[in-house]
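A.B. asks: I have a structure I would like to understand better, so I am pasting it below and will then ask my questions one at a time.
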Amino acid sequence: MTKYTPVIGLEIHIELKTLSKTFCGCRNDPFNAKEPNIYTCPVCLGLPGALPVPNKKAIEWTMLLGKALNCKINTVSKFDRKHYFYPDLPKGYQISQYDEPIASQGWVKIKNQISNSKDKSNEEKKIRIHRVHLEEDTGKLMHSGVDTLIDFNRSGVPLVEVVTEADFDNSDDVKAFLIKLHNIIVNLGVSDANMEKGSMRLEPNISVRKADQKTLPSYKVEVKNINSFNFVKKAIDYEVERHIEILERDEIPTQETRGFVEKTSSTVSQRSKEEAHDYRYFPEPDIPPLEFEQEYIDSIKVPELADDRKQTLMQAPHNLEENLAENVSLSKAVTDYYLSVFTLTHSHPELSGINVAKTLANLILNKKLFQNYPDPQESAIYVIETIKPKKTDMKLLGSLIERVIASNKKTVEDYNRGKENAIMYLVGQVMKEMKGKADPLKVKEALLKKLKKE
Amino acid sequence: MKKKHSKLILTSEIITHVARLAHLKLTPELILSFQDQLSSVISYMSKIQSVNTDGVPLTSQVTKLTNVWREDKIDEDRMFTQAQALQNAKKSKNGYFVVKAIFSE
Amino acid sequence: MLLDKSIQELHAGLTKREFSSEDLVRECYLNIEKYQTKLNAFITLVDKEKALQEAKQKDRDFKPGVSKLYGLPYVLKDAYISEDMRTTAASHVLADFIPPYDSTVNKKLKKSGAILIGKMNMDAWGHGGSSENTDFGPVKNPWDTSRVAGGSSGGPAVAISTRMAVFAIGEDTGGSIRNPAAWCNITGLKVTYGRVSRYGTIAYASSFDTVGPMAKTAEDCAVVLEAIAGCDPYDSTSSPIPTEKYVDLLKKNTRNKIVIGVPSEFFGKGLDLEIKTAIESTHKTFASLGMNINEISMPLFDYGLPVYYLIGPSETSSNLARYDGIRFGNNREKFSQETMRRIMMGTYALSAGYYDAYYKKAQKVRTLFIREYEKALAECDVILMPVTPTPPSKIGELLTDPLSILLADIYTSTQNPVGVPSLALPAGFTKNKLPIGMQIVGPMFSESLLLTIGHLYQQKTDWHLRKPILVFNKD
């Protein structure tokens with residue numbers, strides 16, 4: 001298996017949640033439409049004589065996503081027509097962007113998911129973004145016996161295409177990248193990025209080369225119809241294995257488009273789409289070109305993203321460990337909540353000596369603190385009550401310790417023989433007897449003292 | 001007016017390929033006559049090759065405009081009712097346009 | 001005949017109640033009834049009673065201060081979308097298409113109070129220069145019914161020439177307004193690209209298509225242009241440059257000395273001698289109006305047709321991709337041969353392997369043409385040219401050889417890739433009493449200047465007043 005290296009790139013389509021469509025003022029809400037074909041007009045139905053007028057917000061959101069992916073925003077851009085015939089494509093061409101996308105040459109850092117040696121487990125990997133461009137979505141086809149039904153509610157909905165370089169060599173990195181990308185999109189608020197509904201669509205292209213081969217493989221296979229991150233991983237794993245099998249026979253896998261089949265976690269050839277494509281791109285004459293002043297580009301501001309928040313949480317006064325910081329920072333709402341509660345609690349006199357940040361982060365991540373106490377004020381009161389050191393009844397403690405030691409002879413022996421962990425079991429037993437009304441640190445102290453004496 | 005140009009020949013394979021791209025079903029007779037006609041026309045047009053265009057940019061539209069766009073607003077006035085959307089369709093069913101089943105997966 | 005009057009005269013007459021809108025509509029239908037079967041100008045005619053009802057309503061609602069077009073019957077080339085009224089582009093593909101929306105130009109005219117009475121025959125999709133490439137039968141020339149009316153806006157030209165309507169809206173992609181105007185002895189304006197909204201115009205070649213008036217005189221064209229010009233939020237390519245008071249400006253000749261450039265290349269081999277002589281003899285008239293004639297040179301002339309016939313079909317192959325018979329209309333098998341030929345040509349010019357040599361090369365030469373026009377128009381104010389190389393051809397003559405169809409556009413097809421406006425107007429007749437047209441081309445957005453020159457010329461001449469013998473017979 002080490003003889004081969006997968007070469008994987010991604011094409012991701014994201015539907016923007018603008019109010020109106022890309023090139024007309026029709027309502028952009030295809031998933032909540034109560035009926036088919038109720039959000040159409042001459043433009044998105046491709047009627048004779050209709051003309052497109054681009055949606056400024058769709059352009060700006062494409063730019064915003066490009067910026068969030070560390071892309072260069074091109075000062076000159078334009079739309080092009082991409083031609084092919086399909087019943088869901090009303091004009092016989094899709095208005096897209098060919099050689100002058102809105103954004104290009106970006107990158108996203110992910111944590112390396114697979115590492116050769118343990119000490120490199122935190123190493124980051126940079127995935128290069130080839131381009132980010134704006135285009136229009138097609139209508140939707142449904143198959144019903146001998147008929148194919150077409151609904152154009154989705155026709156013309158703004159669609160951003162993100163294309164990565166073929167920088168991935170394993171499916172785990174792909175999944176990590178997609179989770180991160182999804183998080184960025186949701187944070188920007190430009191899309192629901194719902195894979196089930198299809199407002200985020202994933203198309204990996206996969207090939208495999210011999211490990212010692214420096215050049216890229218001469219073929220690639222694109223997989224469509226994938227609606228979850230896990231399925232992407234499964235599709236890639238399936239394909240890689242399939243390609244290796246073919247390569248082992250000294251053959252080359254066919255360049256083609258395949259569809260993912262959920263039931264079997266495998267892929268099948270989509271032969272109907274295999275006709276040689278010649279999209280005959282040319283500049284869309286109905287839309288004048290785009291030219292952006294640097295000042296305008298600068299005015300599109302990327303809000304704080306998860307990575308920025310994570311950095312904040314890893315610094316003083318929080319000093320959270322990376323894992324905790326990362327998990328809290330994923331959602332802006334959760335981070336904001338953490339910060340409010342932290343502000344209200346961390347300098348509370350009763351909590352001196354306690355790592356409030358860490359405890360609070362754990363309560364949020366593991367104990368549904370946010371859900372149970374959504375109001376930071378109430379939450380702060382609860383948190384202080386919960387984590388402040390307990391007053392300990394020392395007299396009661398003394399007698400209980402004796403009882404616990406007496407009834408746990410075996411554990412005490414273990415401890416004496418050097419099994420230090422055993423002490424925690426005993427602390428737990430005492431705490432139980434005290435019905436939690438004790439400071440575990442004090443209990444441990446007392447226990448150690450007692451055991452030393454014996 | 002007609003000048004003699006060395007006539008370029010478009011093969012029937014090219015004509016068939018182009019017809020497929022253009023989604024046109026051509027009869028064998030039409031393929032033959034287009035082969036001849038397009039060959040003459042393209043040959044005539046080929047004289048454009050002799051114009052020196054080194055360093056000349058393309059012009060794909062002449063408006064001299066840039067950044068013509070609209071605000072993100074819903075234009076209810078222009079939206080069709082379902083009946084209007086479907087009124088010219090050859091076939092519709094339950095609010096959908098209908099075509100003969102096409103291969104998908 | 002009331003319809004011989006200019007739009008301004010008609011407006012004055014309506015205002016003074018000397019006659020009514022109903023009278024005008026009646027006269028139109030009288031002429032339509034007389035000539036339509038002979039000339040085949042209409043594809044769809046509004047029901048006479050309906051049109052009369054509308055006219056009567058307009059007469060009742062007449063108020064001082066209404067638009068100059070109020071109550072005037074007009075026709076549209078059938079390339080314009082008309083809400084709830086069949087729109088075919090003269091193709092069987094759209095034989096039964098009833099649009100659920102309206103073109104901007106038609107909306108504006110309706111709003112001005114003008115009365116639409118019909119949709120006019122043309123070369124299907126604008127593909128042609130004779131109005132023979134139509135699925136509704138060829139349009140015949142009223143000056144000689146064995147000849148073509150020109151195209152692609154043949155139907156509208158015939159309607160004006162035979163007084164079936166007061167004015168018409170044509171569409172010009174490579175001469176489609178000017179060519180039939182010249183061959184039917186009327187006046188037609190190809191506007192600057194972007195001057196009039198294209199929204200609702202069935203696209204031929206999107207970066208060439210223009211919407212313009214066809215009427216009896218330059219003055220009438222000015223009135224109509226004022227009503228239809230302007231920026232449209234539904235057309236990204238329509239210009240925000242303010243429109244002008246084209247009619248008022250006709251009387252104010254702001255320029256001291258207009259210089260008319262005559263490019264020798266446009267008067268060389270291939271131009272019919274009678275046409276050449278007729279246009280040259282206009283020099284004297286222009287001189288008498290205080291204008292100067294200067295010879296200029298436009299050496300790229302020979303490459304005009306290739307630029308037009310590589311880019312035009314490329315765009316048309318794209319624009320006609322939407323006709324799949326699913327959402328409207330019939331399927332692609334209903335395209336005529338000429339249309340299929342153009343789709344094939346364009347698809348070829350855009351396809352992998354040929355794109356650079358044809359489409360891209362043509363777009364570069366297009367840039368050179370823009371520069372050539374800029375240079376020429378730096379040496380003069382306007383350029384005088386023929387419209388067509390020959391008088392109207394015999395019906396069927398052009399259809400035999402696709403190259404000869406193309407050559408009919410040789411003088412009119414270089415302006416569209418550049419975008420400049422051009423006014424075509426009557427300039428004389430051949431010995432056989434066939435009309436001869438000339439065109440005056442100006443810089444971008446110089447419609448006012450072109451109309452003024454045309455108006456001055458038409459006050460000195462009477463070519464534009466002459467009517468085909470068909471009309472004289474019945475008068």
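Here the Cβ of each residue, glycine as well, is placed from N, Cα and C on the backbone.
So TrEMBL lists these for the protein:
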- C:Lys77: active site, charge relay system (ACT_SITE)
- C:Ser152: active site, charge relay system (ACT_SITE)
- C:Ser176: active site, acyl-ester intermediate (ACT_SITE)
- C:23-451: domain 'Amidase' (DOMAIN)
A.B. asks: Since the record lists C:Lys77, C:Ser152, C:Ser176 as active-site residues, which of them has the fewest other Cβ atoms within 10 Å of its Cβ?
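C.D. replies: Looking at the active-site residues C:Lys77, C:Ser152, C:Ser176, the Cβ with the fewest others within 10 Å is that of C:Lys77.
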A.B. asks: Taking only the Cα atoms, work out how far C:Ser152 (active site, charge relay system) lies from C:Ser176 (active site, acyl-ester intermediate), in Å, as a whole number.
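C.D. replies: Spelling it out, the Cα of C:Ser152 (active site, charge relay system) and the Cα of C:Ser176 (active site, acyl-ester intermediate) are 5 Å apart.
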A.B. asks: Roughly where does the domain 'Amidase' (C:23-451) sit in mean pLDDT, to the nearest integer?
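C.D. replies: Here the mean pLDDT over the domain 'Amidase' (C:23-451) amounts to 96.
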A.B. asks: Provide the three-state secondary structure of C:Lys77 (active site, charge relay system) computed with DSSP.
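C.D. replies: It is in a strand.
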